[in-house]
Amino acid sequence: MHTVCLLPLLFFTIGGCLGSSRPFRTFVVTDTTLTHLAVHRVTGEVFVGAVNRVFKLASNLTELRAHVTGPIEDNARCYPPPSMRVCSHRLVPVDNVNKLLLIDYAARRLVACGSIWQGICQFLRLDDLFKLGEPHHRKEHYLSGAQEPDSMAGVIVEQGQGPSKLFVGTAVDGKSEYFPTLSSRKLIDDEDSGDMFSLVYQDEFVSSQIKIPSDTLSLYPAFDIYYIYGFVSASFVYFLTLQLDTQQTLLDTAGEKFFTSKIVRMCAGDSEFYSYVEFPIGCSWRGVEYRLVQSAHLAKPGLLLAQALGVPADEDVLFTIFSQGQKNRANPPRQTILCLFTLSSINAHIRRRIQSCYRGEGTLALPWLLNKELPCINTPMQINGNFCGLVLNQPLGGLHVIEGLPLLADSTDGMASVAAYTYHQHSVVFIGTRSGNLKKVRVDGSQDAQLYETVSVVQGTPILRDLLFSPDHRHIYLLSEKQVSQLPVETCEQYLSCAACLGSGDPHCGWCVLQHRCCREGACPGASAPHGFAEELNKCIQVRVRPNNVSVTSSGVQLTVAMRNVPDLSLGVSCSFEEVTESEAILLPSGELRCPSPSLQELQTLTRGHGATHTVRLQLLSMETGVRFAGVDFVFYNCSALQSCMSCVGSPYPCHWCKYRHVCTSHPHECSFQEGRVHSPEGCPEILPRGDLLIPVGVMQPLTLRAKNLPQPQSGQKNYECVVRVQGRQHRVPAVRFNSSSVQCQNASYFYEGDEFGDTELDFSVVWDGDFPIDKPPSFRALLYKCWAQRPSCGLCLKADPRFNCGWCISEHRCQLRVHCPAPKSNWMHPSQKGARCSHPRITQIHPLTGPKEGGTRVTIVGENLGLTSREVGLRVAGVRCNSIPTEYVSAERIVCEMEESLVPSPPPGPAELCVGDCSADFRTQSQQLYSFVTPTLDRVSPTRGPASGGTRLTISGTSLDAGSRVTVIIRDGECQFVRRDAEAIVCISPISTLGPSQAPIILAIDHANISSTGVIYTYTQDPTVTHLEPTWSIINGSTSITVSGTHLLTVQEPRVRAKYRGIETTNTCQVINDTAMLCKAPGIFLGHPQPRAQGEHPDEFGFLLDHVQAARSLNRSSFTYYPDPSFEPLGPSGVLDVKPGSHVVLKGKNLIPAAAGSSRLNYTVLIGGQPCALTVSDTQLLCDSPSQTGRQPVMVLVGGLEFWLGTLHITADRALTLPAMVGLAAGGGLLLLAITVVLVAYKRKTQDADRTLKRLQLQMDNLESRVALECKEAFAELQTDINELTNHMDGVQIPFLDYRTYAVRVLFPGIEAHPVLKELDTPPNVEKALRLFGQLLHSRAFLLTFIHTLEAQSSFSMRDRGTVASLTMVALQSRLDYATGLLKQLLADLIEKNLESKNHPKLLLRRTESVAEKMLTNWFTFLLHKFLKECAGEPLFLLYCAIKQQMEKGPIDAITGEARYSLSEDKLIRQQIDYKTLTLHCVCPESEGSAQVPVKVLNCDSITQAKDKLLDTVYKGIPYSQRPKAEDMDLEWRQGRMARIILQDEDITTKIECDWKRINSLAHYQVTDGSLVALVPKQVSAYNMANSFTFTRSLSRYESLLRAASSPDSLRSRAPMLTPDQEAGTKLWHLVKNHDHADHREGDRGSKMVSEIYLTRLLATKGTLQKFVDDLFETVFSTAHRGSALPLAIKYMFDFLDEQADQRQISDPDVRHTWKSNCLPLRFWVNVIKNPQFVFDIHKNSITDACLSVVAQTFMDSCSTSEHRLGKDSPSNKLLYAKDIPNYKSWVERYYRDIAKMASISDQDMDAYLVEQSRLHANDFNVLSALSELYFYVTKYRQEILTSLDRDASCRKHKLRQKLEQIITLVSSSS
């Protein structure tokens, strides 16, 4: 069932300058995607097409009906669809995407066309969506199987009395032979009629359709026509299309696809399509072309627009949206434009084109359809506007683009859909955008298009193409992928003033005056009265009031209100001030109003706390409507709030300053006497500006200030004072007023603490009468300064501000005033003195200290007393002149100079030498540092390659690269952006390559030196691309994993993934796995609103930062979705939850499973007391098993970078038993134990024989199995959680299947990864010719049989040789598997005959590989069962491998012996109690330090290598083993704090040695704690490591021969333990158990012929845990139809062959036939694959996993055996382990063989066809010449024997095969 929810009120905010919000209705879906919309033109009902659904909604968007259309079993390659004919391709449920939704009004039905079954349509009844019909049995019923929902357009043309016609255009997705791109079809009344959708006209030459020619698709495979919009105007049908611009695409060197827009026109009554014309169409604005049509709408122009265009008002016009340029059709640029076309203009262009063609001018110009240029034929005739074509001069293409009239451009939102209608005299256009907005545009002329409103509808989600009006045009319906929205066409009520209303530009809106609201004219009660409804801005009411301000001390002032544009007010008006006061107004004869100002009491309420002025609104209230309909601002002013004379008299209101009272008043008579009143700024007392007031510290002096209008203190008033505030302290100094223009602060000195500043600003003011300040100008400053502060040297002193008058006191060596220096005439130096210069210059530093001898280096010299001007300083550096740069000179402190070239061949180092003025001793100095000339060199660049777009961080290595002052790195002709440098390396960012992928030289420019090296070349490669993301969603917080597929990813150094949402960009880290894959953590996004939508948020941009590759910054086709973050409820109100040990804990939450498509899920980790628990996840809760510990344990949930602390679990065990109960139980138990003991003793004496011992053993096994059932159940549940988590992240491709080639080579040539058959053979021409002749000879059955039999007859032809020859033969015959199969059958028949002749038991046939035929049989199955492995059997085998690996790694595994706590193999079982703890380490991902840490479970007893393997397994989960780093290539780094980092190793100087035993290090050895932070870093080779590595290599060499003979090819790692004891060094390594202990224990164990109970318990527990996975694998292998896969033909064919051979030889024993089949398939193929899953998957198999798989393989073999399964006390434990299961498995095998025997036989012809197809699929996987060369080795070795055999065989003699072989031998010999 579908899930939809109706949200009748969903608020949004309009953009631009508007800020109100209005509700609108929506219809939202969550489990489908909406594609199309239709609105009934009468009823207003809304029909919505979607993926797998069609909805019917009421006009208010209430859901009325829903009709299900899919998913349907289908396959895109099935034609006709599977409903009509059985399809050979696999059928799967396919979504039905609605591509066309039309209302057939004449037949009262809905036409809904989808994508399934090659694009069939359904007819639905309008009333209830009942399916009236679904024609699908004729080819005309299939419109197109293309999946794009918006590539089809249709128009229904009603024909009065006759049936309607459907004109439909569609993309055909390359299948032009099946579907016409444009056609005219019949709409029959009977929906099931065979004639439904038949072409309107069709004969053998002409039909009413257009098809894309196959020649066009051959030339341009991507060619297609996408139909955007269709409509009818007058007697014509039009379509707007997008199609490939073949000319532009052909000319583009970069391979870009270009598209062009065209308008297609045909006569509606033209059944032969003779009238077909298409014209390019587009728009241009400011010189930029817009050629990608997005949407269009046919409408009538408003009167104003029609007049501006000069067309009639009933003329059709076409509003069209175009995107900029011609590229990126699927995700076009956001630069878009709204354009206008008149149909009369389009038709005129078409008419002129037809007329010119009928005059014989030019060609038909339609290359995509005609594939050649056909000339127009001169045919004189009258062509008018309704001409519908003839059989000639058609179809016709336009030569020039029909240009539209640009109306509105947009570069941000991306306009995507358009609708328009006429309101009054205006054309109103509505535009949907890709950012989810609705734009409203008023178009009144070609230059008069005004965007007047933008409404946010579905922010960040594109509005789709269908944009439709309700029948009354009061609402508009918008469609997005998840939502239908109904918006009113206007929301006038949002405008709250007349100016806002009439200035908005919305033509629907006017101002209802007495109602004081914005609305349509029809909604205004008094609209018909004069001035009752305003529609123009100058018609708004204008109000003025006289006076417009009043003092707060005045009341009852009569105010006169004048008004314009007011309606009749005779029913009365009242005046109000902010609802505080209201009074009735008097209407004067002049039309003015008279109102009183508020009373004093009301004024206090209005103005209290508002300072000097308060503006209030004087409002007019209509007695007729009770509404305040107009208003004007009115000011109340308060002079007394102004505190200074200047602010008082500068006020715009009548305020006066009382000078002697120091107050401001609105009443001048309040001043005490006349001369104290000031009413202008010129009369204010004020300190006059005179520059800064400079005050030296510690100098006793008066301060005289100029002023004006200084008042004379009167009797009783205090005198003047100067108030100085410095460092928080206030000083008052008496002052004297000399006159009204002068005041002097008396003698005083001033100080400030500290010498950190040379001067400080004072807060300085002049006051009188205690606290009356004199006004100061804003620029007035008082500075207090110290000469000596921050001026310790002469040079610094002389460069001080000259206004301070500071100078250098020579004898005091101090900067001070002249008055403080003794004998200043000769002892005090000031810059004003002529020739003043400081002696004893000193250089403290020079930089740089090295530079090229070519010069150009800018040397910076820092010191003191380095002159006062650059002109007086002379410089030489290392004996070379250095020219001062005046602009860089800092007086006395710093000189920057540029070195000249040194002319000395090898100049020595030298100091910098400086003279000030002259070079006498006192004015000369040199530096202690020496400057050296060097010759920089360039050695190499790393990396050596990077993307052509640049952005790669390059490290350029060499010598002396830090020399000089400036460095520029040039790569070909672009500058590499400098980052940093040192002596050995320069780091810079590569520029873009102007030549694309190519090699570029590198040149270093260091100052004036240019350095290059011919051997240092940087290679620009193809830019990396991103092709696929999995999954395409995250949560708002991000930090979930994304697997990214692409190309050239290894060229990127620091990839990051980015998202941009609402203008805010976020990034996260990526880790490159290989050239085509990387793992990223999704970036989070910041929401502007508190709650994200359930259906998800789409970022504005989503892409990748791949160096400077711009194309990846925003993925064109990305539909990345962010779903709400999960949230959790706390554990009860108190945050504490009481539970019992082991019971389930339910954690409730929301959004736990995002509503995303696909199988990907969030990864949750629940920690209880720091320990993870097994989880079951649903949408609203996590089900978690609490751990067995007790007490209070905190609960934390981790997901996607989020951490949730939910509270505390209080885990309490049941109360202990009471003492009497315990005594009673103990006594009862003792008696019971005694009774059992007596019985067992008696029983033992009576049961001595072996059978009874067996039964007792079996009984013990059963009892033990029951006893460990609970343990098994718990272990299985935990493992099941792990496996479920694993399978949740596995999606077909994520099972790391090896490719066919690698798989085949691993089985055919085990242990040889790089076999010669995988490589090209480099050989002389003669030898190559000979090998090709040898290959032809192998295709002679007589020769090949003789060749193989001869080799087998040789005593030196070893078992290994037999296998090699069999494999090489199969490879050589890979392209002829039919021939190879016949040969194999003959060899098997010969082998059976030989077996029977030698009197061997028939059951021994195929048991061992003693012949070439047996190995060939294995290889034959290997080739032919590969598909079955990938599609069916591979998954359970992979899950079994994963289950074994995970179960083994949950307990300790000995790194030396390979023994484990959990094992299926008795030989690999640890027989001691090992104490261990589980740790969770937080691992920093390799190569991506900034990414999120990964929690990894390890054991504290794990060796370091074991821990590294577990870390790598987790960090690189899902990555094939060959594509990830290896443990031996990485170091494990334990990070403790910011700086402490410890490298952990299996052996180091801390390794413990006791006697001659050395214990390898574990995590416990290093005391690594739970929760530790670790990192995997590239291997650091130290002297110790190198020595260790050498010792280790020597140790391994002793095992090499043994390992090479092993069946597993997975290198040394699969069989060898991780570490090998170094016996040569005299010490033995051990990990968990010592070898001798283990040996002793085993000896005793085998002596008793039994495994002790504790060890057997572990075997049983492991077996029980893995039981389901073993069962699944066996069930899959022994089933004839499993998981939807049929039995492979090869099995049935070979089993039938064996039955035939048995029949021919009269072998009737069913056990023999059973055994032959078991030896043939399970033993030869399946056992090999089960024991060696690395043959099938890209994985690593360690020794303990290998041992367990061997037990499973043995059980598999036992299940196929026909012999009785006898067990005894000497039986191995693994047979005892599966004793109860094997009978059941045997029944499966017997049933499997029976079912195969019952199947219909496969004919040789059918089998040959199958084998030929298999040969074709893999014909080029191996190099046949290499295989022939390897095979020819045996010809050389046994040359004489083979030639003799060829002579003896009659058939060989007949065909002269000996001579042919000798010819080959001669050819080979001649080249040696």
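Cβ coordinates come from backbone N, Cα and C, glycine included.
Taking a C-beta cut-off of under 8 angstroms and a sequence separation of 6 or more, CYS78 (disulfide bond) has the following same-chain neighbours: CYS87, HIS89, LEU91, GLN118. According to Swiss-Prot, the feature disulfide bond maps to CYS78-CYS87 (among others), an assignment based on sequence analysis.
Around the Cβ of CYS121 (disulfide bond), a 10 Å sphere holds 27 further Cβ atoms from the protein chains shown. What Swiss-Prot lists as disulfide bond is CYS113-CYS121 (among others).
Annotated disulfide bond per Swiss-Prot: CYS267-CYS388 (among others), in sequence order. Here the Cβ of CYS388 (disulfide bond) has 15 other Cβ atoms within 10 Å, regardless of which shown protein chain they belong to. DSSP assigns CYS388 (disulfide bond) to coil, not to a helix or a strand.
Per Swiss-Prot, the feature disulfide bond maps to CYS283-CYS339 (among others). Here the Cβ of CYS283 (disulfide bond) has 28 other Cβ atoms within 10 Å, regardless of which shown protein chain they belong to. DSSP assigns CYS283 (disulfide bond) to a strand.
Under DSSP, CYS376 (disulfide bond) is assigned to coil, being neither helix nor strand in the three-state scheme. Per Swiss-Prot, the feature disulfide bond maps to CYS357-CYS376 (among others); the stated evidence is sequence analysis.
Secondary structure at CYS509 (disulfide bond), taken from DSSP and collapsed to helix, strand or coil, is coil. CYS509 (disulfide bond) is surrounded by 23 other CB atoms, counting those within 10 A of its CB over all protein chains shown. Annotation source Swiss-Prot lists disulfide bond at CYS492-CYS509 (among others).
Annotation for CYS540 (disulfide bond): same-chain Cβ neighbours under 8 Å, separated by at least 6 residues, are CYS498, ALA499, LEU502, TRP511, ALA534, ASN565. Annotation source Swiss-Prot lists disulfide bond at CYS498-CYS540 (among others), citing sequence analysis.
As annotated by Swiss-Prot, disulfide bond applies to CYS501-CYS518 (among others), with the evidence given as sequence analysis. For CYS501 (disulfide bond), the count of additional Cβ atoms within 10 Å of its Cβ stands at 24 [all protein chains shown].
Per Swiss-Prot, disulfide bond is recorded for CYS512-CYS524 (among others), and the stated evidence type is sequence analysis.
Counting only same-chain residues six or more apart in sequence, the Cβ atoms lying under 8 angstroms from the Cβ of CYS575 (disulfide bond) belong to LEU559, VAL561, GLU582, SER583, GLU584, ALA585, LEU593, CYS595, LEU618, GLN619, LEU620, LEU621. Look at Swiss-Prot and you will find CYS575-CYS595 (among others) tagged as disulfide bond, backed by sequence analysis.
The domain 'Sema' annotation in Swiss-Prot covers 20-489.
The annotation domain 'IPT/TIG 1' is assigned in Swiss-Prot to 841-934.
The feature domain 'IPT/TIG 4' is assigned by Swiss-Prot to 1126-1212. On the 0 to 100 pLDDT scale, the domain 'IPT/TIG 4' (1126-1212) averages 85 in the predicted structure.
The annotation N-linked glycosylation site is assigned in Swiss-Prot to ASN60 (among others). For ASN60 (N-linked glycosylation site), the Cβ neighbour count at a 10 Å cut-off comes to 13, with all displayed protein chains included.
The N-linked glycosylation site feature in Swiss-Prot is assigned to ASN549 (among others); the stated evidence is sequence analysis. Annotation for ASN549 (N-linked glycosylation site): spatial neighbours PHE634, VAL635, PHE636, TYR637, TYR653, criterion Cβ-Cβ under 8 Å with sequence separation of six or more.
DSSP assigns ASN1163 (N-linked glycosylation site) to coil, not to a helix or a strand. As annotated by Swiss-Prot, N-linked glycosylation site applies to ASN1163 (among others), with the evidence given as sequence analysis.
DSSP assigns CYS357 (disulfide bond) to a helical segment in the three-state reduction. The local packing around CYS518 (disulfide bond), expressed as other Cβ atoms within 10 Å of its Cβ over all shown chains, amounts to 27. Annotation for CYS492 (disulfide bond): spatial neighbours CYS501, ASP506, HIS508, CYS509, GLY510, CYS518, CYS519, ARG520, criterion Cβ-Cβ under 8 Å with sequence separation of six or more. Long-range neighbours of CYS376 (disulfide bond) (same chain, six or more residues apart, CB within less than 8 Å of its CB): SER356, CYS357, TYR358, ARG359, GLY360, GLU361, GLY362, THR363, LEU364, ASN393. For CYS339 (disulfide bond), the number of other Cβ atoms no farther than 10 Å from its own Cβ, over all displayed protein chains, is 26. Fewest Cβ neighbours within 10 Å among the disulfide-bonded residues CYS87, CYS498: this applies to CYS87. Rounded to a whole value, the Cα-Cα separation of CYS267 (disulfide bond) and ASN60 (N-linked glycosylation site) is 38 Å.
With CYS524 (disulfide bond) as the anchor, the candidate recorded positions are ASN60, CYS113, CYS121, CYS388, and the one with the nearest CA is ASN60. DSSP assigns CYS339 (disulfide bond) to a strand in the three-state reduction. For CYS388 (disulfide bond) paired with CYS512 (disulfide bond), the C-alpha to C-alpha distance reads 54 Å. The DSSP breakdown of the domain 'IPT/TIG 1' (841-934) into helical (H, G, I), extended (E, B) and coil residues amounts to 9 helix, 52 strand, 33 coil. When Cβ atoms from all protein chains are considered, those within 10 Å of ASN1163 (N-linked glycosylation site) total 16, not counting its own.
In three-state terms derived from DSSP, CYS501 (disulfide bond) belongs to a helical segment.
Annotated pair ASN60 (N-linked glycosylation site) and CYS113 (disulfide bond), C-alpha to C-alpha distance, rounded: 25 Å.
Looking only at the disulfide-bonded residues CYS113, CYS121, CYS283, CYS339, CYS512, the one with its C-alpha closest to ASN1163 (N-linked glycosylation site) is CYS113. In terms of DSSP secondary structure, the domain 'IPT/TIG 4' (1126-1212) contains 0 helix, 46 strand, 41 coil. Counting in whole angstrom, CYS283 (disulfide bond) lies 32 from CYS113 (disulfide bond) by their C-alpha atoms.
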